[in-house]
Amino acid sequence: MRTLSLLTLLALTAFCLSDLAGAKPSDSESDKAFMSKQEGSKVVNRLRRYLNNGLGAPAPYPDPLEPHREVCELNPNCDELADHIGFQDAYKRIYGTTV
């Protein structure tokens, strides 16, 4: 009985090992996971086109309210009010002009 189970185990082992040897992917299938250097450089150059002079990120637009915001930050009353109701409403209440 032991020899029969040992032979069966050896046969299963040989069968499994032969399947693993034949299970390697062919060259055409494994090449699909990678791209050529030319295709890769096209992708990188396409992405660089959207960056600002190679600095890493597009340049932000200047905020037109920044000078008013700095004036409001220098006034403690306006700064405190801006924390509660927002910058534009606080600036309008303190200085009386619309932003």
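Note: Cβ is positioned from N, Cα and C throughout, glycine not excepted.
Annotation in Swiss-Prot places C78 in a disulphide bond whose other cysteine, of C16, C72, is C72. Residues P58, P62, P76 are shown; Swiss-Prot lists hydroxyproline for one of them, P58. Fewest Cβ neighbours within 10 Å among the binding-site residues E66, D79: this applies to E66.
Taking all protein chains in view, 21 other C-beta atoms sit within 10 angstroms of the C-beta of C72 (disulfide bond).
Put simply, E66 (Ca(2+) 1 binding site) is 10 Å from C72 (disulfide bond) when counted between their Cα atoms.
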